[in-house]
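> Before I ask anything, let me first share the structure, which is written out below as structure tokens.
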Amino acid sequence: MLQQRTIKTLTRAVGVGLHSGQRVELTLRPAQPDTGIVFRRVDLPEPVDIPITATAVVDTRMASTIGAGGAKVHTVEHLMSACAGLGLDNLYIDITAEEVPILDGSSASFVFLLQSAGVELQNAPKRFIRVKRPVEVREGTGQQLKWARLEPYHGFKLRFDIDFAHPAVDSTGQSAEFDLGEGNYARDIARARTFGFTKDVEMLRSSGLALGGGLDNAIVMDDYKVLNADSLRYDAEFARHKILDAMGDLYLVGKPLLAAYSAFRSGHAMNNLLLRELLAHEDAWEIVTFENERQAPAGFTQPVRAW
């Protein structure tokens, strides 16, 4: 039987929110089988639980925000991406503010924390959402066109194409692909950082966003080049970060997907719209388990290796 996973022991992190600039503490705790991943706002007078689901997403402006009972947690996608990459099914995430810490702008620190806590197999079958037919969402036309698509696939793979007219992006690549069964999430995707442009920073900060952003937790570019002293971590780091984000956004459906995801100029809003479109058509998906691990798709049977 392909089993569910949680962590063996609790682990903690402290940082600041990318957009809020607030100091925040995270405590990641093991959870029982079939719990799912649950954020808990422990800073409120009465703690509020926010289980991840596609419909728990309440805002997608610059990040994925989930909410329940009047409480919200912003910028969950990097932590969710790490959970997806490591195949974690059950986890409590206690948080002391309204935004997940940005740490270094990637998922690498979350992967390190979770792997340090250890991955534990649980005596319950791992449940997948298997996509049975293509589902697509589109927006705009011509230069404004963007789209995202899920198609049947015995495994989980992603392709993302971006479209940024910038020398640094052009020189490293406008597209990236990742197959969970062939690649290594920790090595190939997790270290890709969020990115932005100096020309946008003032506008974002005037809107109360990017207050915690800087060269230590994002790739920052002027009109011509990357400003970070350490330059880039990957070829096509920009497109790889979009894959990282997409993995986190899609994991908000609450179960791992068996599907091929492809997208052009998509973002948090379109990724969530794609999940809602999938769930709205019951003939397009089904819940499956694997009693025989040999029949399970590659990438889900073994815990992700370290770097």
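Note that Cβ sites are derived from N, Cα and C of the backbone, with glycine treated the same way.
Not my notes, these are from Swiss-Prot:
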| type | residues | note |
| --- | --- | --- |
| ACT_SITE | HIS268 | active site, proton donor |
| BINDING | HIS78, HIS241, ASP245 | Zn(2+) binding site |
> Are there binding-site residues among HIS78, HIS241, ASP245 that sit within 10 Å of HIS268 (active site, proton donor), Cα to Cα? If so, list them; otherwise say none.
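Among HIS78, HIS241, ASP245, the ones whose Cα sits within 10 Å of that of HIS268 (active site, proton donor) are ASP245.
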> Centre the Cβ atoms of HIS78, HIS241, ASP245, go out 8 Å, and tell me which other residues of that chain have a Cβ in range of the Zn(2+) site.
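For the Zn(2+) site the neighbour list reads GLU77, SER81, SER106, SER107, ALA192, ARG193, THR194, LYS242, ILE243, LEU244, GLY248.
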> Could you tell me which of these recorded positions, HIS78, HIS241, HIS268, has the fewest other Cβ atoms within 10 Å of its Cβ?
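Candidates: the recorded positions HIS78, HIS241, HIS268. Fewest Cβ atoms within 10 Å: HIS268.
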> Suppose we draw a 10 Å sphere around the Cβ of ASP245 (Zn(2+) binding site). How many other Cβ atoms does it contain, all chains included?
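Excluding its own Cβ, the number within 10 Å is 24.
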